[in-house]
Amino acid sequence: MSDHNLKDDDYWRSKLTDEEFRICREKGTEMPFSGKYVDTTEAGTYLCRCCNTPLFKSLAKFDAGCGWPSFFEPLEKGVITEEMDTSLGMVRTEIMCEACGCHLGHVFTDGPQPTGLRYCVNSASIQFEEEKNQS
């Protein structure tokens, strides 16, 4: 486990914008269709905004029509932690970066094959690293 989990709020406030802090560290949610990566289609990898851990490949991204970037699987097993979320009068499964505890969003069971899962992620919780062409 990374030492990122040991960082306090002052550390994260110095590294993140106010909106990123609200979403990543206080488990907020951005408005649907407002995030930077909702319509991104380029090839590459989505990293944790807080600690740069690779979380999702663009090949797993799909348009769920929900207003948030959606993926049918994480990059590899163990990079995402799941926890029951009973906030807002609902029962959902929260997803977080295993390395630093960054709130990413939620996972639902209405996704496409091959997994049937929809990892619904806030754009403010991730950053995109475009795949470099190898010549």
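Glycine is no exception: its Cβ is also placed from the backbone N, Cα and C atoms.
Under the DSSP three-state reduction, Cys120 (active site, nucleophile) is assigned to strand. Taken from Swiss-Prot, the feature active site, nucleophile covers Cys120, and the record attributes it to sequence analysis.
Among the features that Swiss-Prot reports, Zn(2+) binding site is placed at Cys48, Cys51, Cys97, Cys100, with the record citing sequence analysis. When other Cβ atoms within 10 Å of the Cβ of Cys97 (Zn(2+) binding site) are tallied across all protein chains shown, the result is 26. Under the DSSP three-state reduction, Cys97 (Zn(2+) binding site) is assigned to strand.
Using DSSP to sort the residues of the domain 'MsrB' (9-131) gives these counts of helix, strand and coil: 23 helix, 40 strand, 60 coil. What Swiss-Prot lists as domain 'MsrB' is 9-131.
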Residue among the recorded positions Cys51, Cys120 whose Cβ has the most other Cβ atoms within 10 Å: Cys120
Fewest other C-beta atoms within 10 angstroms, as judged across Cys48, Cys100, which are the binding-site residues: Cys100
